Amino acid sequence: AEKIKICLQKQVNSSFSLHNGFGGNLYATEEKRMFELVKPKAGASVLNQSTWIGFGDSRTDKSNSAFPRSADVSAKTADKFRSLSGGSLMLSMFGPPGKVDYLYQGCGKHKVFYEGVNWSPHAAINCYRKNWTDIKLNFQKNIYELASQSHCMSLVNALDKTIPLQATAGVAKNCNNSFLKNPALYTQEVNPSEEICGKEYLAFFTLPTQFGTYECKLHLVASCYFIYDSKEVYNKRGCDNYFQVIYDSYGKVVGGLDNRVSPYTGNSGDTPTMQCDMLQLKPGRYSVRSSPRFLLMPERSYCFDMKEKGLVTAVQSIWGKGRESDHAVDQAYLSTPGCMLIQKQKPYIGEADDHHGDQEMRELLSGLDYEARCISQSGWVNETSPFTEEYLLPPKFGRCPLAAKEESIPKIPDGLLIPTSGTDTTVTKPKSRIFGIDDLIIGLFFVAIVEAGIGGYLLGSRKESGGGVTKESAEKGFEKIGNDIQILRSSTNIAIEKLNDRISHDEQAIRDLTLEIENARSEALLGELGIIRALLVGNISIGLQESLWELASEITNRAGDLAVEVSPGCWVIDNNICDQSCQNFIFKFNETAPVPTIPPLDTKIDLQSDPFYWGSSLGLAITTPISLAALVISGIAICRTK
């Protein structure tokens, strides 16, 4: 009789690379990074399509006769905007004669403002003031600030009021022989003489707690008054000084000008200029007192419910060639914390005409058609990778990637995978379940700055019955990491709060601190990914070894008395009793695959974040996969020895 020895043998050559893991190592034909770097797309986007609203003009007005050529947004996005061609929030606030007057109102956690160009130097609105840019800047700034703290907002276009019986609605020659709708001008007579004295006016207006279905917790009110260069310009008879003052219900001054206590400008002009300050006032009854001859009466406001903090995106609104624009929207953005600005890099060139349908703006606003994982001043991201090449400029919201270098991202094995352990490690089934991917899927792995010793938490103890990290030791390691991270995170947050109090006046210091924190988080996350990578490698290696054990057991069962297992993964067979076809049945399974390979492991990593905590990531969870392809035992060959 001729006896031969047949063994399982790993086929590994120089094309394989070695990967070390916690509890087991393996060879692989390929490798890939756990994540690729993502690049933000320039422009605006939203985190949730169902929770945003836009406020616009002709460039977002679906009812415009030239739509869609006149628009800078898609038809889908235009449906989300409250728009009317020729309108703007400020035009509706003041109501200058001959201009569009639109009732702006709506609700959304994220508000996108693409309007403002219709009140610009090109509009040439006078009404006792030729340049309204500084008032527009203050108006837009207050709108953005209050919108960021509210879910709903609405124009209140008719305040309840009580005015003196002798007052008459006034007009002005330099206001197209009319006047603004807000404030309204009331006079003792049409075109009152500068020589009239008389008694002071006393009037009242009420800011409502509700306007239609809109709740009002705070109102934006324009407190307007005239600025005179001298007392003689105000009244040639000099019978009194000019004043126009607003009082709350307790008699406290909340706005206006009183030349009885404040000096005149001292300039040489003979025509007054109207100034309008923006006041944030609570609902209630207010009084207005003014010197004789006329009264400027608040007639409108913007109402805000102040129910929740939200996101504000301001889009630069400028004319095309031949029309003068201002930069009030851009400057208001700079003055409003948490506000994002979408800004053109090229002149506005329209498709429908010079001022409607700009291709660059369409590209910048195309992201409003989608939901992003992260929105920031640098742009928006919808890929799932936690890393980007460049630091994303704040403000940023959502699950925002952290800056990292490509070479610092850990690599995982791919392609054909072979465990490094010999077949002796596959003979005995492990007595206790090895810590595996299912355990990783269950938990949330908090990311923070871990000072030292993190690897030692996970090494655990090796078992003679198969090796690797036991479930119990790994769980204890993760529990220790979690506790340490929570303590460190809590201490860090307390320190940040204290530091913010000290440097709240220093915006650059805050930005520097934010950058340092994000860099630390990026380093910590990369460190945690390295640990997870090592766990995955070990887990895969163990899984492959178990498949080898199943293969060896199946061979022994099929052989019966025809083959004797003389060592782990090796059998002796009588060549005269078991011919080639017999051996093919036992060892090659008649060229079939009777033992299923281990299923692909799902190892997709998903960042969980708090959108209002520095805009960066707070947690890490393992979910469903980058498939680790080809986890097979096809690299196992049969080696014959005589």
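Note: Cβ is positioned from N, Cα and C throughout, glycine not excepted.
Secondary structure of the region 'Fusion domain-1' (2-27) per DSSP (helix as H, G, I; strand as E, B; remaining residues coil): 0 helix, 13 strand, 13 coil. Taken from Swiss-Prot, the feature region 'Fusion domain-1' covers 2-27, and the record attributes it to similarity to another entry.
The topological domain 'Extracellular' annotation in Swiss-Prot covers 2-617.
Listed in sequence order, the same-chain residues six or more apart from Asn13 (N-linked glycosylation site) with CB atoms under 8 A from its CB number zero; the list is none. Feature annotation from Swiss-Prot assigns N-linked glycosylation site to Asn13 (among others).
Positions annotated as region 'Esterase domain-1' by Swiss-Prot: 28-138.
Reduced to three states, the DSSP call for Asn48 (N-linked glycosylation site) is coil. Counted within 10 Å of its Cβ, the other Cβ atoms near Asn48 (N-linked glycosylation site) come to 12, all protein chains included. Residues or ranges marked as N-linked glycosylation site by Swiss-Prot: Asn48 (among others).
Swiss-Prot lists Ser58 with the feature active site, nucleophile. Remark: Ser58 (active site, nucleophile) has Asn64, Ser70, Ser83, Leu84, Ser85, Gly86, His356 as non-local neighbours, by Cβ distance under 8 Å and separation of at least 6 in sequence.
In three-state terms derived from DSSP, Cys152 (disulfide bond) belongs to an extended strand segment. The feature disulfide bond is assigned by Swiss-Prot to Cys107-Cys152 (among others).
A coil conformation is recorded for Cys127 (disulfide bond) in the three-state DSSP classification, outside any helix or strand. What Swiss-Prot records for Cys127-Cys175 (among others) is disulfide bond, and it gives similarity to another entry as the kind of evidence.
Marked as N-linked glycosylation site by Swiss-Prot on the basis of sequence analysis: Asn131 (among others). Within the same chain, the residues at least 6 positions away from Asn131 (N-linked glycosylation site) whose Cβ sits under 8 Å from its Cβ are Pro121, listed in sequence order.
According to Swiss-Prot, the disulfide bond annotation covers Cys197-Cys239 (among others), on the basis of similarity to another entry. Its Cβ taken as reference, Cys239 (disulfide bond) is surrounded by 14 other Cβ atoms within 10 Å in the chains shown. In the three-state DSSP scheme, Cys239 (disulfide bond) falls into the coil class.
What Swiss-Prot records for Cys216-Cys303 (among others) is disulfide bond, and it gives similarity to another entry as the kind of evidence. DSSP assigns Cys216 (disulfide bond) to coil, not to a helix or a strand.
In the structure as shown, the Cβ atom of Cys276 (disulfide bond) sits within 10 Å of 24 other Cβ atoms. DSSP classifies Cys276 (disulfide bond) as strand under the three-state reduction. The annotation disulfide bond is assigned in Swiss-Prot to Cys224-Cys276 (among others) on the grounds of similarity to another entry.
Summarising the annotation, Swiss-Prot assigns N-linked glycosylation site to Asn382 (among others). When Cβ atoms from all protein chains are considered, those within 10 Å of Asn382 (N-linked glycosylation site) total 16, not counting its own.
According to Swiss-Prot, the feature transmembrane segment maps to 618-638, an assignment based on sequence analysis.
Positions annotated as topological domain 'Cytoplasmic' by Swiss-Prot: 639-642. If you take every residue in the topological domain 'Cytoplasmic' (639-642) and average the pLDDT, you get 41.
Across the fold, the C-alpha of Cys216 (disulfide bond) and the C-alpha of Cys152 (disulfide bond) stand 9 Å from each other. The Cα of Asn382 (N-linked glycosylation site) lies closest to that of Asn48, out of the recorded positions Asn48, Cys107, Cys152, Cys239, Cys303. Within the set of recorded positions Asn48, Cys127, Cys175, Cys239, Cys303, the entry lying nearest in space to Cys152 (disulfide bond) is Cys303 (CA atoms). Of the listed disulfide-bonded residues, namely Cys127, Cys152, Cys216, Cys303, the sparsest Cβ surroundings within 10 Å are found at Cys127. In three-state terms derived from DSSP, Cys107 (disulfide bond) belongs to an extended strand segment. Across the structure, Cys175 (disulfide bond) and Cys107 (disulfide bond) are spaced 34 Å apart at their Cα atoms.
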